[in-house]
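These notes are about the structure you will find just below.
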Amino acid sequence: MQWSKEVQVDEWVREKLKAMGLKLGKDFLEKDASAYLKDALKGASKTKKQTGIGIPDFVIEKYKVDNEIIPVIFECKLGVGKLEKYAKDNEKALDFSNDAISKYALNGALHYARVALQNESQKQDHYKEIIAIGIAGDSSQNVKVKIACVFADSSLAYKEIKRTNLDFLENAKSFTHFYKEECKLTEEDKHLILIRGKWHLSYHSAQLNKLMHNHNITAPQRVLYIAGMILSMQSVMSNKYRILTKGLSPADLQGSQEDGLRDGELVFERIEEFLKVKVPDSAKRKLMLDSFNEIRKDTDRDEIPEFYYDKEGKPKNPNHKIIAHILKEPSSINKQIFAYIYTYIYSEIDGLNGHLDIMGECYSEFLKYALGDGKELGIVLTPPYVTKMMTQILDITSTDRVMDLATGSAGFLISSMEQMIEDVYKNTAKHSTQANKAILELKTKQLLGIEYNAEMFALATSNMILRGDGSSKIYKANTFKTDNSLYEQFKPTRILLNPPFTWDYNGLPFIEFGLDRMQKHGLGAIIIQDSAGNGQAISVTQSILKKHTLKASIKMPIDLFQPMAGVQTSIYIFEAKIPHDFEKPVKFIDFRNDGYKRTKRSLQEVDKPTQRYKDILKIYKQGLNAKIDNSVYEKPINLSEVYVEDFISDSGADWNFDQHKKIDTTPTLADFKKCVSEYLAWEVSNVLKNSCHTDLEQSEREVSKNTQADSINGGMEGNALSPRLRELEKDFKQNGGEWRDIEIHKLFTPQNGDFDIQKIHLNDKGHQVVSAGLENNGVIGKTDIKARIFPKNTLTCDMFGNVFYRDFEYKMVTHARVMCLHPLFELNKKTGLYIASVMNYFKLLFCFADMATWSKISNLKLSLPVLPTACHTDLERSEREVSQNIESKKDFSPTAQNDKNTKSNAEAVEMRKQGETEVSLVNCGFQGGGEGSYLKGNDRADNADAVAKQQIHTCKSAIYRSNAMQGYKIAFNYMESYIKALEAERLQELEAERLQELEAYLKVTGLNDYTLSQKEKDALKAFENLSTPNERERESKRHFARSAA
C-alpha cells in the first residue's frame, strides 16, 4: 500500500524498533526526549528563527560506549526522494539551509545533532557524539535509511555510514560493535572532512575577502579581523567549565556611537578579556592586542549607514549584498564583518576536530588577492593535507616534543598536536581523565613555535588557542637570536618547517639551526624550494651533512602553492646529530602527481588523492616493496619510476629526485596528443569567443584521457598507436628514418622583449601579448603599446619551461622571463606543434626557483625524426639558395648606410663565407630562413638594419644546416603527416563524444525511441547542406528577398 501521510513512516519505524525488543517509553521515545536532551536541543526547532526546542521524531538514549551515552536521533519524511539533500556547489557536503533541514530526513536529523552538541559543549559532562538517522519511504516495501555519526557541531563534522538497516540498535553489544567498527574515523574519512573543511573555508574566505575589500579594509588587516573577532566570540570558561563571560554574538553589537560602546570597541574589549585568561604572559598578550587594535582604530567602521530608496521609493538595505540576507537592519562595517565570520566560519569551524589550520586557510585565501606583506616576505602556508603527511612521515607520537622555527599560522603544530592526541587515544579511553591529562600536557609543554612577523605571531597564537590552547610556548622572536637555553629545556625530538622562501639560501639555515639544537636521533622535515638542494645553498648543505644525515628527498607537485607562488619544492627528511654516511643510500621519491589539480578557484580531485597520500607513506617506509593497489588509479604508480635509492656526494648539490632518476626526454604519444588537442581546443575557443580570453581549464576538459605511455627510444613503439600512425611510422622507417638528438642551439636563436608590458597596457587592440604560465597558452590580452613584435611561426618558452607554438605575430612581457625561440629553418603549424610536443619535458626541469633561461636550455636535446641525405644535387641547390638569398637582400639595402648598418653588412658577408664553407661539407636537404620573417613588423628597427640582420639570420640558417645533423636531414614531412593524423583522430574522438552526449540527452529526455517525421528529416537535411556561414548567409538573403516579394 502506498503511503500518503508522514505518520505512516513514523509507524513503520515504531514497529521496527518494537520488533527488535525495544519498548516505547522506556528504551525509545517518540516526539519526546529526556529533560537533559531537551535542554541540549534548545534553539533546534526547524522554523526560520530557530528559537524553540527541537523535538526529533524518535530518540534512543540507552546505549553507552566507554561509559559515555551516545544518543540516537531519528527524523522521518514521506517519500524516498526526501531522504537527503547535498549542497549545490559541493556534492560531498550535505545542505544545511532552512529549506533542507525542514524537508529532508537526514539533513533534519543532523541539524538536531549539531545543535545538541553545540549547546552541550559549554558543559563539563556532555555528549561527545550523536548518531543521526534519516528515514524516508513511499510504502513498507520502499523505505530508505541513511545513518551518520556526528562528532562535533560543525556542518562538516560527520561521517556518513554505509549501513542501511537498523539492526545495530537491537542491544548494547550490537550497538557497541557498530560504534567501534563503523563510526570510527578512517584516514580516508579524516581526509574527506579535511578537504570538505578546506573547501568551506576557501569559499567563505573568498566571500569575506570581497566584503572587506569593498569596505576598504587592507589585505594585512583582514586576517587579523578574522582572528580577533573569532577570539571575541569565545566564552571565557572557568576550570570547572563555568561560563565567566559569554562570547559575543552579532546581537551584542548594537551600533552605538558612544565612546566605549562602539562595535569595534566591544569586540576589542572582549578579545582583551579573553586573552587575560588564556595568555598569562603580559608581554605576549600586549603584542597580540597591538595587532588586534586595528579592529577599533577606525571609528568610521562603526558608523551606521542610512537606508537608500529605489526608483519606486521603497527603502533598500544599505548593508553589503554578501551579508544583507543575514543583517536586515542597517549595520556598521564592523558588525557586517563580524556577522559573516560568526555565521560561516566560527559556527562551522569552531567545533571541528582535524588537521585544519583555520587562520592559515583564511590567510592563504587572502593572499590570492592581497598585495600585502605575505608575497613580499615569501610567506606561503603549507596545505593542511601536506602538514599532516609530514607529521606522519616523522611518525610523531604523544611522547615527542615538536618545534617549528618559522611558525607562520601554526599549521605544522596543529597537525602535530592532532596526531599526538590520536596517539593518546590508542592507549587510553577517549575523554577519560588519564587521556585528558595527557592531552593537556602535550598542548602546554610539548609544542614550541617561533615566529618573527608580529601579525603571523598573533594568528598562530590565536589559532592554537582556538584548538584548545597549545599557545603556551609560541614566541615572537628572531629564530637566530633565541637563547640556546630555550632548546636545552624543551629538548625537541621533532622539527617541521616551511621557511620564508625569500630568506637567504631559500630558508635552509632554519633547518640547520633547528637540527643543531635537537636531541640525538631526532627527526626533521622541511618543505623548501628544491633549488636549495641543487647547488644554490652549498655552504649550508655541506655544513648540514657534516653534522646530520639526509634520509630522504620527496619531490612535491609544482603547483602545490598555486596561485600564491609557482615554486618547485621538495621535502627533505633528516636525522639529527648523526653525520651523513656517504656509503649509505638516500631515498628519493617523486610525488609530483598527488592526485589533485589546483586552479585559481579550487582544489580538484582528479585521481584518488586520498589514496595517494596514504601510499606515499608506504613508499617512504617500504620503498620498492610497497604494496600499492594500482587498480584504483587512472594513472597507476610505477614504483621504479617514482622511487630510487642512491648515494649523494659531499658537494651538497645533489639532493633532488631528478638528479638521481634520469628524466627520459623522448616524447611519448601522450605528449603529442595533449599538445595537439589542447591547441585545437584553444583555437576553437578563440574562434567562438572572437578573442584570446579563454581559460586553459576549459581546454583541458576537452582533452581526452590519455593512458600513461611508456618512454620510447626511436619511434613510438609501445605507445598504443592507431593503425594510421603505425602505418605512417612503418613507411618512415622503411625509408631509413630514425630519431636522433639535436641540441636546441643548433635549431633556434633566442629573442626577448624590449618593453615591460603591464596589465595597464592591455587594451584589446593591436597584437597579442605573451607572458608566463599555462592559462590561455600564456596569452594575457592585446596591446598597441610600442614594443618589439615577434614573427609568427615561432615558439615561446617561459621561465617554467612551458613551450607553445605561435601562429600569429605577438609581443612579450619582460618581467615574466619569456623568450621567443626563432627557428633557423622554416616552421609551420604542423612542425611547430610537433617540436613543441617534444619540448614537453622542459616543464619537469624548471620552476620559479630554477627558471628556464637560454643558457640553461640551449644545450638540451630534442629527439627528432631524421632521414639520410640524398645527393650532391641538393647540396649545390642549397649553396645557390644561400648565396642568392644574401645577394638579393643586399640589393634592398640603402646605398648610404650609417656605421651601424655598415657593420651589420660586414657581419653578414663574413657569415656568408662561413656559411657557404660549412654548407659545402654536408647537405641537410631542406629550405632555410623564410623570406623576410626575422623581425618582421619590428617597429623598433629601421628597414636597412632589419635587412642586414635578415642577411645574418639567413647565414645562420646555412650554418645550422651544416651543424645540426651531419649526413642527415630533419624529416619535416613526417612531422607534418604525424600531426595531421593526430588532428584527424582528435576530430574523430570529438565526433564520437558528441554522439555519446547526444544519445545521453535523448535517453534522459525519453526521446531515444523517437522517430523523425519526413518533414523533420527534410529540415535536418536542409540544415546540413548549409554547413558553412556563407551558405547560411546566402540562404538568409534569399529568404528575405522572397519575403519582401
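Using the three backbone atoms N, Cα and C, a Cβ is placed for every residue, glycine included.
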* Asked: Looking at 241-263, 471-493, 1023-1045, which one does TrEMBL call region 'Disordered'?
  -> 1023-1045
* Examine the ranges 299-318, 699-718 and name the one recorded by TrEMBL as region 'Disordered'. => 699-718
* Secondary structure content, the domain 'DNA methylase adenine-specific' (357-505) (per DSSP, counts of residues) -> 80 helix, 15 strand, 54 coil
* **Arithmetic mean of per-residue pLDDT over the domain 'Type I restriction modification DNA specificity' (738-868)** => 90
* Asked: In the domain 'Type I restriction modification DNA specificity' (738-868), how many residues does DSSP assign to helix, to strand and to coil?
  -> 30 helix, 44 strand, 57 coil
* Asked: What are the DSSP helix, strand and coil residue counts for the domain 'DNA methylase adenine-specific' (510-647)?
  -> 45 helix, 36 strand, 57 coil
